[in-house]
Amino acid sequence: MEGSGSGIYENHPYVPRDLKLSGFVPGFLSQSTIVGVYGLSSLLVVLLTWLFSGRPPKKSKIDRWLMCWWAFTGLTHIILEGYFAFSPEFYKDKTACYLSEVWKEYSKGDSRYAARDAGVVAVEGLTAVLEGPACLLAVYAIAKGKSYSYILQFAISLGQLYGTAVYFITSYLEGDNFAASSFYYYAYYIAANASWVVIPTLISIRCWKKICAAVQVQGHKKNKTR
């Protein structure tokens, strides 16, 4: 800890600088290593899911891409966000555990993670426990052509949009001053979360149209039988 005039600063890279993180241990892995491992792992998941989805019965390219998305986001929720939710002292880790390194790095874009902000922990915990497994169920539902596929995808997408909205709104209400620099703000806080705004929105619209069309067809069938 360093003193500067009347201010007291903690020995960590996060903002606000007076955030108290007793026992903080600096990260061991470089930013490029952390991002690279995450990118390659995500690419591997997408590639394997794409290959798997190409097996009979034949599915449309849209359904195959959706399976890739649900596999990627489901594993991200369960593994990354699950680790955060149940590892309150990840910033003290001395083993260079990749998952703790991810959150030490991401906290530069939003220090509420290192500070264990109650709202962030709640959102991430529910996302990991509920939405993560539901995403993997969506992969199965699309693969098997289950009747609940669209309503399940619609529900998960709304949940993701709600969680993302709470995430951004609470930050705004608390001053929106949790990034170590403009780079981390736009790269981590904005860009890294953009996919969970754009893609769930598009999926929600598609599912809404599919559900409405199915209900309309069912209504026509009932009218014909009368």
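Cβ atoms here come from the backbone N, Cα and C positions, even for glycine.
The annotation domain 'EXPERA' is assigned in TrEMBL to 62-204. Model confidence over the domain 'EXPERA' (62-204) stands at 97, taken as the mean pLDDT rounded to a whole number.
TrEMBL lists 28-53 (among others) with the feature transmembrane segment.
What TrEMBL lists as transmembrane segment is 65-86 (among others).
According to TrEMBL, the transmembrane segment annotation covers 118-143 (among others).
Annotated transmembrane segment per TrEMBL: 150-173 (among others), in sequence order.
Here TrEMBL flags 185-203 (among others) as transmembrane segment.
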Remote residues contacting the transmembrane segment (65-86) - C-beta distance under 8 A, at least 6 residues beyond either end: 42, 45-46, 49-50, 52-53, 59, 99-100, 102-103, 113, 121, 124-125, 127-129, 131-136, 138-139, 142-143, 153, 156, 160, 196, 199, 203
Beyond the flanks of the transmembrane segment (185-203) by at least 6 residues, Cβ under 8 Å: 66, 69, 73, 106, 108-110, 153-154, 156-158, 160-161, 163-164, 167-168, 171, 178-179
